[in-house]
Amino acid sequence: MAEDNNGGNSNSGGANANTTAEVQIQIPAGPSKTEAPATQEGPSGSSKAKNWKRWFMVAADAIFLIVGQTSATLLGRYYYSQGGNSKWLSTFVQTAGFPILFFGLFFFPSKSSSSETPIGKIAMIYIVLGLIITADNMMYSHGLWFLPVSTFSLICASQLAFNVFFSYVLTSQRLTGLIMNSVVLLTLAALLLGVNHESHGPTGGVIGGKYLVGFLLTLGASGTYALILSLMQLTFENVIKKQTFSAVLNMQIYTALVATFASLVGLFASGEWMDLKEEMDRFQSGEFSYLMTLVWTSVSWQVASIGVVGLVFEVSSLFSNVISTFALPIVPLFGVMAFHDKMNGVKIIAMLISIWGFLSYLYQNYLDDKKARSA
């Protein structure tokens, strides 16, 4: 997650110089109803150079997000397929690698005063968001347990539709025909998978009620992830009131800290910690593989998180979610190759519809950018 991730605002076409020591960024959740067109300053050559550099960074961040999200999902599925059974441990590793993000603060330290931000209020927001992230990660963990990785990943594509809804309700994003088309298509793709009952799953026979539970939990996790992004957006706009890279990193780090602690409490309170030694002993590929699976799953989620943060910094949180959604159809292909998941006709149609929905949304962003540049 990510966190979601789940989780997770736009700059102008080029990066403008700021009078303060820290780069400032805008983080709207998409084109709003009152959004003014962006303008560019400086010589044409300098502007083009900055634009090329910016989009090079966007491409790099997108690769981080796609690689991290894909590898984390596949490693999570591998953990279950080799005999792993702890849902709380699976939830824990989704955020436990957050200390890696402290390196980002060394490169992008905050040099401006933050005394205008109430420490108590922001701490409470971090705690609430962290707890919501914990619940979101837990739903993802159960969904991945009950469903094949291909079905799980394609249902997650609905997170973009949820994101558009929450952005409209909470941040007044305007809805165009192309965006609505994207929402309908991505939702339809998820519904197709919801009625596509199958017996192939990580436990060797997920059918009937368990399949439905897995579908509903994964769908709920996608909606919660979209809600988290919108709540973070409101926090930036109304509480933090400064959109800097260090502020985004702090949001990621401290919410992950709370989520990690909550997951650890859940691990001990549920009693699952007592079974971890036995789980490691019976892990089919060995104890070392067990440890490496957990470590690299945690690292992969943080690699994805770095990509999310970078895309928020360079473009927007909504664009970050779009890239995350676009990466989802890639996972089922690896799931088929690595775990022999079934790729039947319904899944192929759902995947194509998801890609169509993504392209519709991407084209709307292209039109918005073109309009802003010609203004």
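Any Cβ shown, glycine's included, is placed from N, Cα and C.
The region 'Disordered' annotation in TrEMBL covers 1-48.
If you look up TrEMBL, you'll see 1-18 marked as compositional bias 'Low complexity'.
The transmembrane segment annotation in TrEMBL covers 55-76 (among others). Beyond its flanks by at least six residues, the transmembrane segment (55-76) meets 90, 94, 141, 144, 149, 152-153, 293, 296-297, 300-308, 310-311, 314-315, 320, 323-324, 326-327, 330-331, 334-335, 338 of its own chain at Cβ-Cβ distances under 8 Å.
Among the features that TrEMBL reports, transmembrane segment is placed at 88-108 (among others). For the transmembrane segment (88-108), the list of distant contacts is 1-3, 22-23, 72, 76, 79-80, 133-134, 137-138, 140-141, 144-145, 244-246, 249-250, 252-253, 256-257, 259-260, 263-264, 266-267, 270, 272, 276, 294, 297-299, 301-302, 305-306, 309: same-chain residues at least six beyond its ends, Cβ to Cβ under 8 Å.
According to TrEMBL, the feature transmembrane segment maps to 120-139 (among others).
According to TrEMBL, the feature transmembrane segment maps to 145-166 (among others).
According to TrEMBL, the feature transmembrane segment maps to 178-195 (among others).
According to TrEMBL, the feature transmembrane segment maps to 215-236 (among others).
Summarising the annotation, TrEMBL assigns transmembrane segment to 248-269 (among others).
Annotation comment: TrEMBL describes 289-313 (among others) as transmembrane segment.
If you look up TrEMBL, you'll see 318-339 (among others) marked as transmembrane segment.
Marked as transmembrane segment by TrEMBL: 345-363 (among others). Among residues of the same chain six or more beyond the transmembrane segment (345-363), those with a C-beta under 8 A of the stretch's C-beta atoms are 150-151, 154, 157, 160, 178-179, 181-186, 188-190, 192-193, 196, 322, 325-326, 328-329, 332.
Ranked by the number of CB pairs under 8 Å to the transmembrane segment (120-139), the listed stretches 145-166, 248-269, 289-313 are led by 248-269. Among residues of the same chain six or more beyond the transmembrane segment (248-269), those with a C-beta under 8 A of the stretch's C-beta atoms are 3, 25, 27, 86, 88-89, 91-92, 94-96, 98, 101-102, 104-105, 108, 110, 126-127, 129-131, 133-134, 137-138, 232, 235-236, 240, 305, 308-309, 312-313.
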